[in-house]
């Protein structure tokens, strides 16, 4: 403990694996390793194929590249601490290291939410204004959108580590997960956390919450446009281009909303459920997104097959 009269700050926190199943951590690590490997290889494959295939140098695939980079970042943020617990029971993480991991996890989550919104906007323009699509979403515009997404995440979350650092902590230092999460750290403080709660809720609603609302609105407009199409074949073809994105949205937002609700209102939720939802939120989307887009996108599938034939 670092003590300064009335101010107490722990030198480290203790992370948690899967509660009640500590004896099975070595076996549980096998599916986790498989998911991490799929996420790493799958997202690297997506980036490689888009870079090497000239026909994929379009806004839709630029945004998919941003999604793949974000997913890689999320995987690399949680992989060391998660596997460290499962393999070596390394539960200790320094206070500043924990705040740093938390900051990057939340930034990358917010960036993923914003990229999914940008992809919804791209699908709306492509279906509603197909002739104007290339002139609206130029390469320069896509780069500007990417930089705006990055800046928005970094700036909006910058106060969070400082708000946590000003708190007084006492007694309990055990986290609920194998990674650092803002509500989880905040609950360990024995000081007034109203500012933290209020700021966290405002940022969550004004970023991820607004992103989700605009994604829903985009699809309402897309459905209205699709309904007005002349034939059933055109309607199905237009909707088919959105299936991958809809799956990615559901895979990301459902566990994220569930985890947020559990941390804020689920005091009586079993720890095992809390842990499983957290892992679903941070590990499943990076592993599934490359599979979803590889299966549903004929362009990526064909480019992958061509690359394998050359090998």
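Cβ from N, Cα, C; glycine included.
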Where TrEMBL places transmembrane segment among the ranges 167-187, 272-292 = 272-292
Ask   = Over the domain 'G-protein coupled receptors family 1 profile' (42-293), what is the model's average pLDDT?
value = 90
Positions on the same chain near the transmembrane segment (100-121), where near means CB under 8 A and six or more residues out = 60, 63-64, 66-67, 70-71, 73-74, 77-78, 81, 93, 145, 149-150, 152-154, 156-157, 160-161, 164, 179-182, 185, 207-208, 211-212, 214-215, 218-219, 245, 248-249, 252-253, 256, 282, 285
Query = Which of 142-164, 197-222, 243-266, 272-292 shares the most C-beta pairs under 8 angstroms with the transmembrane segment (24-50)?
reply = 272-292
